[in-house]
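Written out below as structure tokens is the structure these notes cover.
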Amino acid sequence: MTQGKRKHPCDLKNPSKRAPPATCNKPNGAILCGDFCLHEGYNIGKCVMRRTGKACICSQCEGW
């Protein structure tokens, strides 16, 4: 029996939302990402590496 990749508990209740493209590529990208997520009603936002570059991901959970 194979198990799929487990989702983070925060992802189950609170689907992540992406900020506008290239937000995290700017010098102050982390700040812009956090501000965008707060404005959208999330608790936290951070830049993560993806295959296509950095992406801003919003979450309701701290420390994810």
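Including glycine, each Cβ sits where the backbone N, Cα and C put it.
Annotated features in Swiss-Prot:
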type: REGION; residues: 1-21; note: region 'Disordered'
type: DISULFID; residues: Cys10-Cys61; note: disulfide bond
type: DISULFID; residues: Cys24-Cys47; note: disulfide bond
type: DISULFID; residues: Cys33-Cys56; note: disulfide bond
type: DISULFID; residues: Cys37-Cys58; note: disulfide bond
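Neighbour count (other Cβ atoms within 10 Å of the Cβ, all protein chains): 23 for Cys58 (disulfide bond). When secondary structure is read from DSSP and collapsed to three states, Cys24 (disulfide bond) falls in the helix class. The Cβ of Cys56 (disulfide bond) has 25 neighbouring Cβ atoms from other residues within 10 Å, across all protein chains displayed.
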